[in-house]
Amino acid sequence: KSSQCYYEGIRDSSPAETPATKMSRQQILTLIAMASINFSSMICYSILGPFFPSEAKKKGVSQAMIGLIFGIYALCTLVGSLLLGKYIVQIGAKFMIVAGLFVSSGCTVLFGFLDQVSDGTVFIVLCFITRCINAIGFSAAVTASFAVLAKVFPDNIATVLGFMEIFTGLGLILGPPLGGWLYQSFGYEIPFVFMGCLLFATVPLNLWILPNRPVCLFHSNIDAILLICFVVFTLSSGLGFLDATLSIFAIEKLNLSAGSVGLLMIGLSLPYGAASPVFGVISDKYPSNRKWMMVIGGMATAVSFCFLGPLPVFHIRSQLWLTVLMLIVVGFSLCMTCIPTFAEMIACAHENGFEEGLSTLGLVSGLFSAVWSAGMFFGPTIGGYITQALNFEWSAGVQGAIAFLAVRNSMHNRPFLE
């Protein structure tokens, strides 16, 4: 077997290794670094929701094209995750993280000046270019960070990911209201400049924390776990759909301001962040329940999306309290479904004979990020088109149907549930 090099701070683990009861200094520093990436990346990503769709409409951009602007980010993240996950050992995880954060922060700042360009085609093209480059940087940082966490915490990855999702949730919680407030107070540019600078601050932090010196480990490959991948796809599709469409629905149907829309989105991100560590501990302590967590969470997601609008067949009028309640249910159910998926993908890889090394973890994290990004492209793109052709209520129902399809496939796959 040929060996590849990574860095000394992350060592290969073996099945005979006894899990440490106390975290080492390197593990604590790694948690700090990865938490900073999760928080700053998500707060930058989530600021668009409250005000960008309405700003884009002023520039003459259609709802379908707004969905594409959101969706292209995920499509480029998909491609970047697959390529970078495959070559993580050759490139180096530290370089991928630092370079990705640098590129992503720069593009976030540049996006804040697009309101100065002319309306129509020029604005749309520059939005696409900036979002695409931003997505490549984001995919580099996130793919490498997943692999690093799985390597540093091989025995309790779900617990650690659950802890990390607290910071993902905090970013998603603070991003929309902070972005909406900055937009209302200072205009279009300031939210992006402020958030981009915040993301850039994580570059020197990760340069200092992450170790450099190389050690050798083995290279391997990993097959796609199709059923789990489809579950991941449905989760990100729902989130991407809400990013692109919820704000306009709330402004037009519920008569909310951009700042209030930011607060509305907390109904989704707060329960997600709060429940993440709980479901992470449950997933690691009772690994046999991971698949049932995906099934139950997926069913709750399907039902809540159908009542989010709600679907016209129910003859229920759109009301603020119902929207908030369904967003809370979506937040809990998405968390319940998402947390076990990465650990389950790693377990499936090892069960099928793949070696326990960073290369395998890099490929798993690349696959996870790619499938997640595919859903993030599908959700706003197809959801935006259906919203434009029909309305938000029907489009949300389609997202619920996709989630139900994933649950149905899981329940009819007996090996998956055994």
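The backbone N, Cα and C atoms fix where each Cβ goes, and this holds for glycine too.
Curation plays no part in TrEMBL annotations; they are all automatic predictions.
Here's what TrEMBL has on this protein:
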TRANSMEM  28-52  transmembrane segment
DOMAIN    30-418  domain 'Major facilitator superfamily (MFS) profile'
TRANSMEM  64-83  transmembrane segment
TRANSMEM  95-114  transmembrane segment
TRANSMEM  120-150  transmembrane segment
TRANSMEM  157-178  transmembrane segment
TRANSMEM  190-210  transmembrane segment
TRANSMEM  222-242  transmembrane segment
TRANSMEM  262-282  transmembrane segment
TRANSMEM  294-314  transmembrane segment
TRANSMEM  320-346  transmembrane segment
TRANSMEM  358-379  transmembrane segment
TRANSMEM  385-407  transmembrane segment
| note | Here the stretch out of 28-52, 64-83, 120-150, 294-314 with the most C-beta pairs under 8 Å to the transmembrane segment (262-282) is 28-52
| field | Feature contact check the transmembrane segment (28-52) with the transmembrane segment (120-150), CB under 8 Å, 3 or more pairs | value | yes
| task | State the non-local partners of the transmembrane segment (64-83) in its own chain: residues 6+ outside its ends, Cβ under 8 Å from one of its Cβ atoms. | result | 48, 52-53, 56-57, 124, 127-128, 131-132, 134-136, 138-140, 142-143, 236, 240, 243-245, 365-385, 387-388
| Does the chain bring the transmembrane segment (385-407) near the transmembrane segment (157-178), so that three or more CB pairs sit under 8 Å (pairs 6 or more apart in sequence)? | no
| message | Assess whether the transmembrane segment (190-210) lies in contact with the transmembrane segment (294-314), where contact requires at least three Cβ pairs under 8 Å among residues 6 or more apart in sequence. | response | no
| field | Spatial neighbours of the transmembrane segment (294-314) far in sequence, C-beta under 8 Å, 6+ residues away | value | 228, 231, 234-235, 238, 249, 322-323, 326-327, 329-330, 332-338, 340-341, 344, 391-397, 399-401, 403-404, 406-407, 410-411, 417
